[in-house]
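Structure first, then comments.
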Amino acid sequence: MNQESSFRAPPKRRVRGSNPNISNPHQLFDDTSGGPVPHGGDFPNHSSPALGIPAQAFLSEPMSNFAMAYGSSLASQGKEMMDKNIDRIIPVSKIKYYFAVDTVYVGKKIGLLMFPYMHQDWEVRYQQDTPVAPRFDINAPDLYIPVMAFITYILVAGLALGTQSRFSPEILGMQASSALAWLIVEVLAILLSLYLVTVNTDLTTVDLVAFSGYKYVGMISGVIAGLLFGNTGYYVVLAWCCISIVFFMIRTLRLKILSEAAAEGVLVRGARNQLRMYLTMAIAAVQPIFMYWLTYHLVR
């Protein structure tokens, strides 16, 4: 043996990280961006398509779209049926006509209710066989003033009861209920009278509610006058408002209830026309009775 072979060559020291096949010990995941993923860690999902969307999504998406379309169709059909049934009971589209008002109309109409004596033209204007909106015709009936007047009447009644130390929610509720009940009774009585007299008129139930509700404007004026000036102010203002509403109702309803000849000023002849005239006078005459009955106990 020679001397050189008696000594073993010192082993080569491995430098950490010198082997490119060994990953960095501080790296949590393998870097697969530079090459193919090792076959040992490859777990292909054979149930997934190429875009990475599960195969069930392709099956469920058409079903969900169909369900959404079917549900929308059912909802729209149900809404149409509900609208038809509601419109059959309560003509919402027609009621909107009675609230087509503006500030100018409200001011003029209240002035007409309080001072109707100088007004000349009482005919309702039409456009293509349809009455124009109230904001374009002061003679057209509306529901805005009656509804607001009814609510204001309840508030003024509560104020009057409060000044007399008689206010309570129960009494105010009874006041509102009685006023509404008398209004319903009045409208039903007018409808029954029109049916018995067999009057062919274009008056609708909503028109009658509007005309019957105009008296609340005079009732409010009377109660406020009573609060400010006592019983004397109440009776004076209420008497004026009663005369005004009677005049207003006669001049308005005579064009609706009486015959065309009577509406034009021709002498009323015949038993049927006499009944229509009496009916018009009765509807107008009953307004002051309700006005006094619903307000006299509020002023003391």
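Just so you know, glycine gets a Cβ as well, placed from its N, Cα and C.
The annotation topological domain 'Cytoplasmic' is assigned in Swiss-Prot to 1-142 (among others).
If you look up Swiss-Prot, you'll see 1-46 marked as region 'Disordered'.
Swiss-Prot lists 143-163 (among others) with the feature transmembrane segment.
Under the heading topological domain 'Extracellular', Swiss-Prot lists 164-178. Using DSSP to sort the residues of the topological domain 'Extracellular' (164-178) gives these counts of helix, strand and coil: 10 helix, 0 strand, 5 coil.
Taken from Swiss-Prot, the feature transmembrane segment applies to 179-199 (among others). Away from its own ends, the transmembrane segment (179-199) comes close to residues 150, 153-154, 205, 208-209, 212-213, 257, 272, 275-276, 279, 282-283, 286, 290, 293-294 of its chain (Cβ-Cβ under 8 Å, at least six residues beyond either end).
What Swiss-Prot records for 200-205 (among others) is topological domain 'Cytoplasmic', and it gives sequence analysis as the kind of evidence. Here the topological domain 'Cytoplasmic' (200-205) has Cβ contacts under 8 Å with residues 94, 187, 191, 194, 253, 256-257 of the same chain, all six or more residues outside its ends.
What Swiss-Prot records for 206-226 (among others) is transmembrane segment, and it gives sequence analysis as the kind of evidence.
Sequence annotations record features per position, and here Swiss-Prot assigns transmembrane segment to 228-248 (among others) based on sequence analysis. Tertiary proximity for the transmembrane segment (228-248) is limited to same-chain residues at least six positions away from its ends with a CB under 8 Å from its CB atoms, namely 112-117, 214-215, 217-219, 221-222, 284-285, 287-288, 291-292, 295, 299-300.
Mean pLDDT, taken over the topological domain 'Cytoplasmic' (249-278), works out to 71 on the 0 to 100 scale. Look at Swiss-Prot and you will find 249-278 (among others) tagged as topological domain 'Cytoplasmic'.
Beyond the transmembrane segment (279-299), the same-chain residues lying 6 or more positions past its ends with a Cβ under 8 Å from any Cβ of the stretch are 153, 156-157, 160-161, 178-179, 182, 186, 190, 193-194, 197, 199, 212, 215, 218-219, 222-223, 226-227, 230-231, 234, 238, 241-242, 245-246, 249-250, 253-254, 257-258. Residues or ranges marked as transmembrane segment in Swiss-Prot: 279-299 (among others).
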Composition by DSSP (helix, strand, coil) of residues within the topological domain 'Cytoplasmic' (200-205): 1 helix, 0 strand, 5 coil
